[in-house]
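In what follows, a structure is listed as structure tokens, so that the remarks can point back to it.
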RNA sequence: GGGUGCAUAGCUCAGCGGUAGAGCGCCGCCCUUACAAGGCGGAUGUCGGCGGUUCGAACCCGUCUGCACCCACCA
């Protein structure tokens with residue numbers, strides 16, 4: 001051992017030898033994060049002259065804690081913003097949380113229930129105060145988790161959708177929409193959750209196939225009777241018609257007549273309506289306008305009365321034997337009563353049909369006639385669709401566009417009122433004489449006798465739809481708004497494309513004079529378990545990201561998630577894979593340790609090309625290419641390719657091959673060792689910077705140690721040096737190939753490390769078949785008969801023998817297989833082999849074609865000899 | 001009913017016209033002074049089925065089968 005392999009040649013990093021042999025995330029992460037925040041790296045300056053780059057956080061619900069899906073999303077956003085920050089953009093990653101109306105109210109109500117109380121025991125004001133208290137605790141938990149993840153958010157700008165400023169934005173846009181007649185109040189069939197006791201919008205309803213029972217009931221008497229089928233017998237109390245198809249001859253005689261409604265003293269008309277499918281069931285439908293959206297429409301067309309039969313708890317309100325029964329009890333009671341009257345004409349049969357459930361509590365939705373507030377979405381949605389259609393906003397991956405269009409082009413009006421207490425109260429006052437007044441943020445509410453404010457609050461997505469500009473101070477024209485609106489990109493899950501993305505598009509375009517809220521939407525998939533199953537608490541496969549971060553480090557969790565992130569595709573993640581990422585972090589750690597121990601340096605210019613060894617030129621050439629690839633993948637939101645590419649470059653090429661090659665250089669010492677120290681330093685410097693956005697902690701710790709500089713967070717993003725050396729790349733590829741073959745040979749022959757190769761050995765068994773197969777595949781020529789031969793010799797015991805890879809192929813069979821034109825075949829072969837970095841040619845003979853490949857191995861002969869010699873000395877690599 | 005994807009190694013997935021790949025798992029050898037959370041070598045695939053286009057198809061076209069998701073909706 002010489003001194004210069006033990007001591008850094010120069011530089012300030014002698015302390016680096018103290019790095020432990022394993023990376024311990026727990027010891028550095030918290031310290032580094034606090035340092036970043038203290039130094040203000042993540043704070044965005046709206047007065048800066050730099051170009052802006054802004055992303056808003058999809059605000060997590062204050063309910064509870066972050067799950068792996070958040071960790072995933074945050075990793076992507078953090079990687080994007082960290083890179084842009086390094087590239088010199090004025091970067092804003094806007095943090096904040098959503099008040100999550102129903103979800104939060106449900107949780108706090110559940111807490112109250114444990115104390116035996118309901119929200120009504122507290123009253124509205126005290127209840128809301130209680131929710132605020134709860135929010136204070138829960139919100140803190142979330143920001144703690146974000147710090148653990150390393151999220152580079154600007155904490156000084158944290159917002160909450162119920163903040164004063166954001167509430168002002170809500171009131172402002174409500175008033176503007178109201179004045180533009182895009183918000184209105186109307187009585188319609190809405191999706192009612194009898195447990196949450198509120199209306200919900202169409203997309204908050206989840207449909208699933210439920211088992212029901214279809215019963216057939218005879219309405220009317222004798223000639224004037226008709227059989228209807230239903231799964232919801234209890235609604236018959238509210239029937240106000242029977243509908244049949246206008247062309248249905250079976251019932252033509254009944255249309256316009258009235259028939260008796262069983263169990264009541266009412267009679268109802270038979271109407272003809274196109275909606276009825278004559279093929280389905282009996283072709284006759286009971287019509288309950290107050291409890292079914294389709295029936296409501298039929299009722300409208302035929303001017304039918306709307307008979308409400310259930311209250312908000314889905315309990316029957318009609319006087320009589322069924323009053324007070326809930327909908328399920330009423331269903332069986334009514335069927336029993338009908339059977340007693342002989343009106344059940346077909347036994348009930350099991351019937352699977354799609355039933356709506358509340359997305360918050362899974363209770364079966366009760367469609368219900370109700371007075372609610374609505375947004376008239378058609379004009380807003382048209383603008384939202386056009387912004388994507390005309391390219392002002394692009395959606396990644398592109399396949400998701402059709403989903404987006406399918407939705408914005410077919411929207412029903414949006415029910416925005418909720419019968420909750422937690423949320424933005426609708427800024428409308430009702431006067432004593434029936435007046436309705438919408439109050440803007442700078443107006444005094446009416447105060448006279450008899451005025452009262454609307455008690456409903458707004459759908460939580462109403463305020464989150466304003467997020468890209470409300471967080472920047474809108475409706476004020478703030479400097480922040482000018483600087484950071486529109487956002488550069490929106491990163492979110494495809495599951496909230498309609499809930500959130502489309503709403504932001506509608507509101508953004510409307511409020512910001514036609515400027516969309518972001519230029520690009522990058523949609524990611526959902527995190528799943530290692531078998532591709534959806535993660536859920538009830539299934540028991542949900543993972544708390546904190547547990548994994550504790551065990552393996554935040555970088556490992558982040559890298560695993562990034563590595564699975566193909567655009568728009570779900571991401572499976574398993575603990576094994578996090579371990580693999582942890583191993584990678586440790587590998588980076590130890591490779592850097594090796595570099596430091598051997599005096600790698602980042603100081604001074606790179607040595608001139610003529611001083612570089614083939615290995616140096618190869619790795620620098622590859623480094624340039626990798627920087628460009630990484631840039632392309634970042635720009636295209638290809639996180640999986642990005643991560644995988646960097647993983648393999650770092651591990652296979654830099655850590656395995658280049659580092660191994662430098663070992664002999666370092667041992668030899670002298671000027672070549674100096675050169676390689678600088679090159680190794682350069683390569684690690686760049687690799688750490690490239691990896692930093694994905695794995696911020698380990699790279700920060702190592703980069704600052706390696707370079708002695710302040711922080712990689714504010715380091716320059718690497719640029720492609722433009723240096724390329726095809727010859728060196730091929731040369732090293734040849735070296736790698738040969739070394740691998742020698743190793744394989746030794747392994748096949750069972751040679752122990754350190755054991756010298758005997759002078760004579762039988763080689764026939766080993767690599768020849770591989771060469772032959774490669775030849776065949778390469779040429780895409782199946783050998784006809786047994787004419788094909790290939791021979792190869794390997795450098796053993798220091799002696800290198802030229803490889804003679806040639807084959808003779810019977811042309812009789814091949815001539816058909818190739819084209820009739822051999823010249824064309826030759827041309828194609830040339831192209832093919834050129835792609836593979838080899839020379840190839842066909843030579844024609846009367847009865848056969850000789851195909852030869854000349855691999856450029858001669859060029860590498862010197863290195864091959866050297867490496868082979870080293871292999872004799874260094875038994876394994 | 002309408003739409004969008006997907007079927008490739010034991011598992012989870014890349015590749016999308018030119019030598020079938022990765023991670024994990026598996027087998028063998030090695031505690032070699034950066035790293036055993038490591039190193040070296042290896043095995044494993046009718047690339048879902050059937051047709052077609054092409055000199056050449058995992059990749060393009062058609063078709064079938066099976067899955068997933070979204071939308072509409074089922075009296």
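Heads up, the Cβ atoms here are built off N, Cα and C, so glycines get one too.
Under the heading domain 'Aminoacyl-tRNA synthetase class Ia', TrEMBL lists A:31-569.
Here the motif ''HIGH' region' (A:60-70) has long-range neighbours at 97-100, 103-104, 107, 135, 138-139, 141-142, 145-146, 149, 160, 493, 526-527, 535, 542-545, 561, 573, meaning same-chain residues at least 6 beyond its ends whose C-beta is under 8 angstroms from one of its own. Under the heading motif ''HIGH' region', TrEMBL lists A:60-70.
Beyond its flanks by at least six residues, the motif ''KMSKS' region' (A:534-538) meets 67-69, 526-528 of its own chain at Cβ-Cβ distances under 8 Å. Summarising the annotation, TrEMBL assigns motif ''KMSKS' region' to A:534-538.
Per TrEMBL, the feature ATP binding site maps to A:537. Residue A:537 (ATP binding site) falls outside any helix or strand according to DSSP and counts as coil. Around the Cβ of residue A:537 (ATP binding site), a 10 Å sphere holds 8 further Cβ atoms from the protein chains shown.
Taken from TrEMBL, the feature domain 'Methionyl/Valyl/Leucyl/Isoleucyl-tRNA synthetase anticodon-binding' applies to A:616-757.
Mean pLDDT across the domain 'Valyl-tRNA synthetase tRNA-binding arm' (A:810-874) comes to 36 in this model. According to TrEMBL, the feature domain 'Valyl-tRNA synthetase tRNA-binding arm' maps to A:810-874.
DSSP places the residues of the domain 'Methionyl/Valyl/Leucyl/Isoleucyl-tRNA synthetase anticodon-binding' (A:616-757) in helix, strand and coil in these numbers: 110 helix, 0 strand, 32 coil. In terms of DSSP secondary structure, the motif ''HIGH' region' (A:60-70) contains 3 helix, 1 strand, 7 coil.
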